[in-house]
């Protein structure tokens, strides 16, 4: 029998999580929440999701907009085994009180602080740590991308120190209220950035230092990563390690992948919403100089954490073991598959 | 008596070099060249520069546009002691044959290959090497910015290894034919980038690895730099070293300098064309972790090499020694001065 899941916040992450859950045999979406009756709310109903008001006293706002809601978030939570909290940054921590009151397991996203949950999660790196837990945090898009990359190397070859510069998309594609149009914004200005410690919340033994900048683009983040290795390594060693991990996809400039714009053009032909669940690693960026590995990857901020949320549900509800869950998530989302 | 200088190519760099020469007592602009009679050519005449055709058979094109030219580049070169070649990338190397034929000293810009000249030049790092030379190359904006930063630390404290990621403005502000609008472009994709070897053309003993990316902005480049030091060092050591170098200007986020957009807004109040000859270093980006220095700087690509061109003229024609020339260039261009 399928476990029952609520998606609290049907926005950028929430709608993707709901669709991904719908593809799984062992889980089902009982309902999704919205704070207002906008086009996303209408699309949720059109797709057959039962809609709930994320804020109880907003029920009448939905009704006066002609949208029928099934009840409030509290009503929804009473029907489920687990909630995936996809509300905006910091709201998840506020929602936690309700989850605790009702004794519902919850997954938080990377916009929340580490201490909101018992475990910070990345499927390939620490699935086992989330098994049976009540509160788990799927780390942010950038941390997910870095963790996958580092773990894939680390599990094959010992690493000494990681230095990464993140060039971040300033806002998501749908944004029209704010956004840097012409400039580069160190974010944070004081170095190093918080991303390093965030990776360490999953891989505590990794020595990592990060810097981050916002730039005027909406489609993907880019990471410039340098990894000092403990032992000699070849470009082929790294390429082989990446090629074996389905959640890392290799792109080559010889195929015309000269920028994130080209990677997204490819993804638009591949999947709805041009979701790219995989780290997009430029194969020809991989270089080894003086025992140090250099590599460039791009991360689609809207979709990279979706498979992690699915695997987190399975771990927390003990539905499958690590290998089985990742394999099933990859199969259903067609991760690493190009047909 | 002032030495006679030609500016071959009155474009982005050329017009700034011409104006900077005009501020010096020991040199004068004899004439400037253009390939076509556009608004830049008209502005040159309006400013009182004698105009020459950069391509001999274009004289009639200027005349039919109603612009009087004094002759061709060859006529101009016969009147001068030195030419500053500010033509587009790779054209400088072609022009070199003419300079050699006429026995004129020449300064090339960073778009030319290293071997176009006897010396690659940065005033504070290797002024003496250009003394008396016939052909000198002022390195590119990014290399100038990196070299100044590294040299300023290196002359005070021994360094072990430099890792830098450059986030580059995709085109100059005037550009309307091309330019990445939404995306991030690894440039080059194959790591490491050429900027490291370019810094080594001036500082051969520096171990440096670089990566570079183009992003949708026009106003400044940003460098994320990590420098492994040979010995323990404090943030204050680094800040003091930068504070003592007039060609490095410190900016603080507490004053509202949150991005390159804000630095340029400041420069617009300060100077014509918002030229910023100084490295713009974020003071509060400076951090030291495990003996490694982290720092972020922004570089105005249009103007940072201008003082270097002035100092190169003095070195090649043996007008002043290093200290005297840099001091005079700084004074006349008001480098490091905010009034």
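Just so you know, glycine gets a Cβ as well, placed from its N, Cα and C.
Over all protein chains present, the Cβ of residue A:141 (active site, nucleophile) has 23 other Cβ atoms lying within 10 Å. Here TrEMBL flags A:141 as active site, nucleophile.
Under the heading NAD(+) binding site, TrEMBL lists A:12, A:13, A:111, A:169, A:301. For the recorded site, residue A:12 (NAD(+) binding site), the DSSP three-state label reads helix. Sequence-distant contacts (6 or more apart, same chain, Cβ under 8 Å) of residue A:12 (NAD(+) binding site) comprise A:86, A:172, A:174, A:302.
All protein chains included, residue A:195 (D-glyceraldehyde 3-phosphate binding site) registers 25 other Cβ atoms within 10 Å of its own Cβ. Annotated D-glyceraldehyde 3-phosphate binding site per TrEMBL: A:140, A:141, A:142, A:195, A:196, in sequence order.
Across the domain 'Glyceraldehyde 3-phosphate dehydrogenase NAD(P) binding' (A:3-141), the model assigns an average pLDDT of 97. The domain 'Glyceraldehyde 3-phosphate dehydrogenase NAD(P) binding' annotation in TrEMBL covers A:3-141.
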Which binding-site residues sit within 10 Å of residue A:141 (active site, nucleophile) - Cα, from A:169, A:196, A:301: A:301
Residues close to NAD(+) site centre defined by A:12, A:13, A:111, A:169, A:301, Cβ within 8 Å: A:140, A:141, A:172, A:302
Among A:111, A:196, the most crowded of the binding-site residues [Cβ within 10 Å]: A:196
Residue from A:140, A:142, A:195, A:196 whose C-alpha is spatially nearest that of residue A:169 (NAD(+) binding site), among the binding-site residues: A:142
Pairwise CA distance, residue A:142 (D-glyceraldehyde 3-phosphate binding site) versus residue A:301 (NAD(+) binding site), rounded so that it is a whole Å: 7
Secondary structure content of the domain 'Glyceraldehyde 3-phosphate dehydrogenase NAD(P) binding' (A:3-141), with strand meaning DSSP E or B: 57 helix, 33 strand, 49 coil
Candidates A:140, A:195, A:196, namely the binding-site residues, that fall within 10 Å of residue A:111 (NAD(+) binding site) by Cα distance: A:140
Residue from A:140, A:195, A:196 whose C-alpha is spatially nearest that of residue A:301 (NAD(+) binding site), among the binding-site residues: A:140
